[in-house]
Amino acid sequence: MQTICSDQPPLPASPPPAAMQINPVHVESTVVLAVVLCVHMAVWNQHSWCSIALVIQAFYVQHKWDRLLRSGGAVFQFRPAANSGIVPASMVMPLLGLALREKCSASGNVYFERFSMVITITGMMLALFLSLIALGITRPVPTNTCVIAGMAGSAILYTTKQTLTVSEVIEVLEVLLIFVYLSLIVLYLLPRCFTPGEALLIVGGISFIVNQLIKRSLNLAEVKGDPVNYFLPVVVVGSLLLGVFFALLFCFMESETWVSSLFFHMMTAVLGLGILMPWLSLFIGRHPIMWLLDFLTLNDRRLCLLGYWVFLAVVATCVVLHQNYQRQSGSKKHQASTIVRKYFHLIVVATYVPGLIYDRQLLHVASVGCLAVFLFLEYVRYFRIRPLGQLLRQLLTLFLDERDSGPLILTHIYLLLGMSLPIWLFPGPCAPKGILPGAGGLVPYAGVLAVGVGDTVASVFGSTMGEIRWPGTKKTMEGTATSVFAQIIAVAMFLIFDGSINLNSTYSWIVGSITLVAMLEAYTSQIDNLFLPLYLFILLLL
């Protein structure tokens, strides 16, 4: 019998089982393909067939680009420790356009039905352009991938010719042109901030907004709709102009001096009061400040909500200051834990849920204003503008994670976007009486469910009690299961407190949608605060 002190060498470790060798990218692509098939079954037209072709070619292109990133052969510096994300990013805009078109077609809104078709084709063309760039810089040239991309591109171009008018095709080409120049500027000035997929989604969305704002500015006679909807495009374009201008300017001069800081604040005031305010007044027909004052003081409920949100903002500020005080009193290497960072998710949930229940228009305007403040403060921190630049650097460094590897800190902005995008994208003109039937009633809550509830619960329970990991990832099965369960409980709570929601026996579709998005959260290496709400929004909209 062998003794405990045997001198025999230990047996070689057995190879890991096949399940442990699963590639997370393949599972992520499979989940996205499942979402595409769900959309295809609900919509079933030539554009949905094109989306299937697009996801197949995007899978092959992502495989090549991931290999290019690992070899260090990419032209720009992308965010490390993440795959290219071509598949999930390529499908967001096309699927979003398909889902919106289905709702607008059912409501008989022809104008927004055509607009949704433009969104679909624009997303497909942007994804094809990014695929061509990836294939063009890959050596050796992948013949099979080029053939598949060519077949998908031919199908999409043929469908574009058959379904869009000449003016709509020109609009798509305008967005593509803006995307090309904007991508070169953003990826050059902000290395390691994005993956290729994140850059496609963010820069593509900004390009579409810029083109729409220019188009409406040149056709003021056709401007119509709720004035609330024009705040976001003006804020996005204004923030873009401010960032690009000072990024180029501070390449030639020091930004930390009082003179440069004073110039920064003066130019910001000139841009806001001298350009953006008059521009916005053209759309809403009144002075924006006077309109905003009347809007905010319309009734006592809005004043109460504003006071409540100010209180929560003070609480969030106190959390930041308290965590920084603990770092100063303890080790200098102290870093905020995952649970501490999720405090902000809970605060944001407490902010958004009352707004969604009682006053969605006020929440829309307030979230746009918060985005403008966040972007302005990030510029102040990035350029070290006095007197707050250095202080913001010290305070926010504590909450950095592996996704903030570039010069910008974008985590808090992604959180705001994830919660707000379902509200901003809600198809109000295609929703009778401002609500959608069935699962569509939960569409404005997609950000709260996916990010505020699902992602928070998955992170907290997965990091504290999770033991069984999904093959190929650090995420745990316990975290994903509790995430799905928590979102189902949240849906039940929304049904109790929001009387406008009528699910009409769509419970199985809601549970399936939540589960698909939870699986995407477990396997994606992209910014989950940005991608998860959009995919849940698309599924709930069907």
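FYI, residue positions are counted from 1 along the chain as it appears here.
Cβ coordinates are placed from backbone N, Cα and C, and glycine is handled just like the others.
The following features are taken from TrEMBL:
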- 115-134: transmembrane segment (TRANSMEM)
- 172-190: transmembrane segment (TRANSMEM)
- 197-214: transmembrane segment (TRANSMEM)
- 230-250: transmembrane segment (TRANSMEM)
- 262-285: transmembrane segment (TRANSMEM)
- 305-322: transmembrane segment (TRANSMEM)
- 343-358: transmembrane segment (TRANSMEM)
- 364-384: transmembrane segment (TRANSMEM)
- 405-425: transmembrane segment (TRANSMEM)
- 445-465: transmembrane segment (TRANSMEM)
- 477-497: transmembrane segment (TRANSMEM)
- 509-541: transmembrane segment (TRANSMEM)
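Counting C-beta pairs under 8 angstroms (sequence separation of 6 or more), the transmembrane segment (197-214) reaches the transmembrane segment (115-134) with 3 or more such pairs. Tertiary neighbourhood of the transmembrane segment (509-541): same-chain residues 24, 27-28, 31-32, 34-35, 38-39, 81-83, 85, 88-89, 92, 95-96, 99-100, 102-103, 195, 197-198, 201-202, 403, 410-411, 414-415, 417-419, 421-422, 425, 427, 436, 438-440, 442-443, 446-447, 449-451, 454-455, 458, 470, 472-473, 475, 479-480, 483-484, 487-488, 491, 503, selected by CB-CB distance under 8 Å and a gap of 6+ residues from either end. Counting Cβ pairs closer than 8 Å to the transmembrane segment (230-250), the top stretch among 172-190, 305-322, 343-358, 364-384, 477-497 is 364-384. With Cβ pairs under 8 Å as the measure, the transmembrane segment (477-497) is packed most heavily against 445-465, out of 172-190, 262-285, 405-425, 445-465. Within its own chain, the transmembrane segment (343-358) has Cβ neighbours under 8 Å at 301, 305, 308-309, 312, 315-316, 319, 366, 412, 415-416, 419, 423, 444-445, 447-448, 451-453, 455-456, 497-498, counting only residues six or more beyond its boundaries. For the transmembrane segment (172-190), the residues of the chain that approach it from at least six positions outside its boundaries are 76, 118, 121-122, 125-126, 129, 160, 164, 199, 203-204, 206-208, 210-211, 244, 247, 406-408, judged by C-beta separation under 8 angstroms.
Looking at 115-134, 305-322, 445-465, the range that has the most CB pairs within less than 8 A of the transmembrane segment (405-425) turns out to be 445-465.
Among residues of the same chain six or more beyond the transmembrane segment (445-465), those with a C-beta under 8 A of the stretch's C-beta atoms are 338-339, 342, 345-346, 348-349, 352-353, 356, 415, 418-423, 475-476, 478-480, 482-484, 486-487, 490-491, 494, 514, 517-518, 521-522, 528-529, 532-537, 540.
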